[in-house]
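*Asks:* What follows is a structure written as structure tokens; I'll ask about it next.
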2 protein chains.
Amino acid sequence: MSSICKGDNSDLTEERKNATFDTDKMAAVIYGREEIASRRRQLTESISRIHELAESKPLVFMTREEKIAESCRKLEVLSRHWNQTPFNRDNEEDALHIYREVLGMEGHPLALHDTMFIPTLVAQASQEQQEKWLGRARRKEIIGCYAQTEMGHGTNLRKLETTATYSPDTQEFILNTPTITALKWWPGALGKSSNNAIVVANLLIKDQNYGPHPFMVQLRDEKTHIPLKGIVVGDIGPKMAFNGADNGYLGFNNHRIPRTNLLMRHTKVEANGTYIKPSHAKIGYSSMVKVRSRMAMDQGLFLASALVIAVRYSAVRRQGFLEDKTQKVKVLDYQTQQHRLFPSLARAYAFIFTGFETIHLYSQLLKDVDMGNTSGMADLHALTSGLKSVVTHQTGEGIEQARMACGEHGYSMASYISEIYGVAIGGCTYEGENMVMLLQLARYLVKSVELIKSGEEKKLGPMVSYLAAKGGHPDLSSLNGYVTAFEHMARRQAWKATEKFLKLMETGESREVAWNKSAVELTRASRLHTRLFIIEAFMRRVSRIEDIPVKEVLTDLLHLHVNYELLDVATYALEFMSSTQLDYIRDQLYLYLEKIRPSAVSLVDSFQISDMQLRSVLGRRDGNVYENLFKWAKSSPLNKSDVLPSVDKYLKPMMEKAKL
Amino acid sequence: MSSICKGDNSDLTEERKNATFDTDKMAAVIYGREEIASRRRQLTESISRIHELAESKPLVFMTREEKIAESCRKLEVLSRHWNQTPFNRDNEEDALHIYREVLGMEGHPLALHDTMFIPTLVAQASQEQQEKWLGRARRKEIIGCYAQTEMGHGTNLRKLETTATYSPDTQEFILNTPTITALKWWPGALGKSSNNAIVVANLLIKDQNYGPHPFMVQLRDEKTHIPLKGIVVGDIGPKMAFNGADNGYLGFNNHRIPRTNLLMRHTKVEANGTYIKPSHAKIGYSSMVKVRSRMAMDQGLFLASALVIAVRYSAVRRQGFLEDKTQKVKVLDYQTQQHRLFPSLARAYAFIFTGFETIHLYSQLLKDVDMGNTSGMADLHALTSGLKSVVTHQTGEGIEQARMACGEHGYSMASYISEIYGVAIGGCTYEGENMVMLLQLARYLVKSVELIKSGEEKKLGPMVSYLAAKGGHPDLSSLNGYVTAFEHMARRQAWKATEKFLKLMETGESREVAWNKSAVELTRASRLHTRLFIIEAFMRRVSRIEDIPVKEVLTDLLHLHVNYELLDVATYALEFMSSTQLDYIRDQLYLYLEKIRPSAVSLVDSFQISDMQLRSVLGRRDGNVYENLFKWAKSSPLNKSDVLPSVDKYLKPMMEKAKL
């Protein structure tokens, strides 16, 4: 995919010839193992040979109805190919990659079926219930989704208003939506596609509220697909992005379901209304950690996609002159352009590496929990909360800078970057709003500082042990020195924010008010802690690389990263770093921009994101941008006719009338 | 409009009752004069009474075709009302306000007709030409646009490739598009609506290139609206936003136009091909400064719109608890929420005030130039370059934070904030790409520092005289002390970047390479210079206010602004400010967040942006968000039928087949 082909734009070919490393080997580092990277290439190659899977026209030319229809069409085609080599429908990573290639990132009608509906049945349904539903779900006899959030209540489970009241007479639960804010709102694939849903509702038995529980609810007739009586269901309307998804609303009006539709693996309600508690409480908690663990990687890949487009196009686009007055300069040679793109490129790599490490920590944790050791949970939960927040924010920033680095054509949907932005930036809000997430991590940091203050620093989790260390004068002659400097700033801010909070309580403020008055300082502490972790994860990954050329260029990228990061938070270095040191960091930063420059195109090629998946005219592998931009524009919907009906109807009469 | 009405959300009413100032008086300060503010209210009121001007459905439910048709429909309605009281078609500000109310911000077919086509005819066409075309244009017998930028060439006039070759035999110009990158690309209203265009092309006479000149070119038949022979014209496809506009492409294939279609007010080509030079060269330059002068205000209003939505919704939305455990807290009471919104609110005010000041400076300049004094041109040109860049960037940041502050519903198009973002952020790229703009200002800063170094500081423009001053120890006990501190940082960075550039040249680098290697440092200097100017403009405006309650709250907002700004650039304060001083600034910042809190809703009400113009369910004046969100969603396109055709066609058969 990254190889040089005949007919490619010669500027891109020149860049690729200059690569100091093998992009396949880099891909193996990015995706963890050579087998995974080559598996991705193989799948991409196989998909490209199934012509029915090609997009009937660019997604950006489609209405929401057309996008959904296109996804449905392709899902039907895929359903006929799943069992052919090399596809393996049971491999989750395969499925994700195939969906990304074929369906793209804008959502589709089965998006929740595989990722939430089936896993919830697996985790929460009893043996008997699984026998009843799981096979049907896996064969796609039914399509399901997961309906939890409500119009007035985002991710706060405790505030849900939907009720499921048990009626012992009929052995049924009666579902109700007591207020407008209790409408289920946002669940993916709920609006139009799913005929079943896992619905989270408050379980009420004889006026006692047992809190939110999951229920299997049929929404629509399996034959006609018409909503059942007592159910109000529909699409919540257009969104900033994800417009190929039918996020939905759902309301109940005395809708009855059998008692046995409560998912009963952990909780039971007996026929007479006896409630049997789950054996342990924290169910669902770990799936949240799992989703957030993945986010660093997913977001890193969103950022990567935007950079593939921007870096390639910056090697194709020429503007102005430098030394040589006979040839215009590739815009990638401008320092301002490098400064817009390369620190983000370093972050994309860092996020992906951090993502892999977190996913690994998560599976470790599951094993530990199985062995009865839950000590790592708080550490990882806090970390993933912070990561989710920092990574989504920086990804959004980086994607927008990438788009702007493409000049005016970046603004065209032909670049597709604004769509990537819309999808990625959603991550700042879903799965826990970023400010809430930062404050969750802050709670952990405050507790940790309090432990140290009370002399119990031995109880500190491994990720916060640096909070107890002493900081020295920063020594920027090595990467470790940078880490020490960063640690010092993170520690200082964690202590400062904690002291502020404690002092406010001492002066008589309630815990909540003191917390609120320290909140911004606390979020600052959380960001520093998280950014420190990302730097360290990047370092750990690079240290394990064996291929020398790959390691060399990633070491340069890591240097770029630490210099950029440290400069970016240098406000916290007041009275601790000198102006001379800061100047040194800046000089290093500019030096590493220059060092990365020759490898830039190969560094983005190494993500091995196919043209099919990229969906960008500007980011094409072959670099033949302008002729294809013209082709793309000519085929866009407004150009179907020379004269728009609205011109005939309104403008022509208006002009004619003016002549009278 | 801002008054309290029956049936309003009671939380919003409570906020409004607490206002310490009169929002009409604040509006007079925002829009410069009481007459202007009340004129806006009057126009809005009149428009609301013309029912034909109501949107036939929300814009966000429409395809591009529908958006354009909707605009055409309304333009036709407007054309029947222009001559009725209180409308005044000759008042540019009136027209802008009416268009914003009725058509919105997503563009429309006449957008370039009034703002570029007619003004260019006025400025560049000869008396004879004006007689021929101007009346027709004003009556809208013809619709025109302005076609300058090309696919491969943004705003760089010198690189245009389109040619107009004079043929003395036939006394015609022959227009050609020699390469694909020479296609006119992006001009608004070019694709589908206009039947005429001012086309900028290189004027060639007997193999001599006289550079770019404006030509009047008929594109389409006036009766049939079909493109003329030799002309390729169409829409450039969907964009990140502005999808109600038909930005177009245009190519010429030996297309002939009469000699007299060269706009000849300044330049002439005689029948025999003799070229007559314009009397002075810098034509068009001042219109660029004019457009950029306006941008600070336009962007300030975009930011204001997003904040109206986010602040109102934050007073309606309740989440969690603080002191009082019986009632959930308005999210506007959280410090993190205030920190997301209020510094942007201060900036919105600052940008609008700065915009007015710059527009005023521009008209001063025009008078000076008329008197033969061009000395202020460089200063203002440099300033508007920097302003454009800083303001668009910070506006984008602020709008996105406002959107995220609305939680998950911010992501819905019901908030409309992402559309505002898309429109506003375009400003980072059009009218001069931001990095290029910053470097233009930097050129002026470097020249200024060089003047000081050579002892010629008396030649400094008024806006850069502080570069020659000496900085002292910062004294944060007064606003002037903040300005002094900010000046010191801006001065330090301007000097530092200049020294770096000069030193690189001394070591043998060419001017271009030295400039490129200093580019990022130079842009940093430009940003500081610009942000300093914005602070000062804000201060100047507040100092002139007479109404005490209005002045008090704006003084608080100004304090918030300077503390936020100084903290945001504190990296430049290393070895110059102490950690204690920085802590003081933070404390002040949090203090002013609290101080602004009770006035927040009234501060956004004061922008007096009507619901019609706002187009946001979340931002409704009455605060009745949730019921209207449900209503909005139910009426969205996907809910036209219970079962989507694509479900019938693909999903149902897939599920049925799985059952076999």
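Note that Cβ sites are derived from N, Cα and C of the backbone, with glycine treated the same way.
Predicted, not measured: the structure shown is a model, and the values here were computed from it.
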*Asks:* Report the candidate from A:HIS266, A:HIS339, A:HIS360, A:HIS473 that shares the ATP site with A:SER389, A:HIS393, A:GLN401, A:ARG524, A:ALA525, A:SER526, A:ARG527, A:TYR572, as recorded in Swiss-Prot.
*Replies:* A:HIS339
*Asks:* Below 8 Å between Cβ atoms and chain B: which of A:GLY154, A:TYR430, A:GLU431, A:GLU433, A:TYR572 make it? I'm asking about the binding-site residues.
*Replies:* A:GLY154, A:TYR430, A:GLU433
*Asks:* Roughly how many angstrom lie between the C-alpha atoms of A:GLY154 (FAD binding site) and A:TYR430 (substrate binding site)?
*Replies:* 8
*Asks:* Taking each of the binding-site residues A:TYR146, A:TYR430, A:TYR572 in turn and counting other Cβ atoms within 10 Å of its Cβ, which one has the fewest?
*Replies:* A:TYR430
*Asks:* Check the Cα-Cα distances from A:HIS339 (FAD binding site) to the binding-site residues A:ARG292, A:TYR430, A:ARG524, A:SER526, A:TYR572 and tell me which is shortest.
*Replies:* A:TYR572
*Asks:* Per DSSP, to which secondary structure element type does A:GLN337 (FAD binding site) belong, with helix, strand and coil as the options?
*Replies:* helix
*Asks:* Largest pairwise Cα distance, Å, within the listed ATP binders A:HIS339, A:SER389, A:HIS393, A:GLN401, A:ARG524, A:ALA525, A:SER526, A:ARG527, A:TYR572?
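*Replies:* Result: 26 Å between the two most distant Cα atoms.
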*Asks:* Run through the Cβ atoms and count how many others sit within 10 Å of the one on A:GLN337 (FAD binding site).
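*Replies:* Around the Cβ of A:GLN337 (FAD binding site), 24 other Cβ atoms lie within 10 Å.
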*Asks:* Looking only at C-alpha atoms, tell me how far A:TYR572 (ATP binding site) is from A:GLN337 (FAD binding site), rounded to the nearest Å.
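*Replies:* That comes out at 27 Å between the alpha carbons.
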*Asks:* With every protein chain in view, how many other Cβ atoms are within 10 Å of the Cβ of A:GLY188 (FAD binding site)?
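*Replies:* The Cβ of A:GLY188 (FAD binding site) has 25 Cβ neighbours within 10 Å.
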*Asks:* Please name the residue among the binding-site residues A:ARG292, A:HIS339, A:HIS393, A:ARG524 whose C-beta has the most neighbouring C-beta atoms within 10 angstroms.
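*Replies:* The most densely surrounded of these binding-site residues is A:ARG292.
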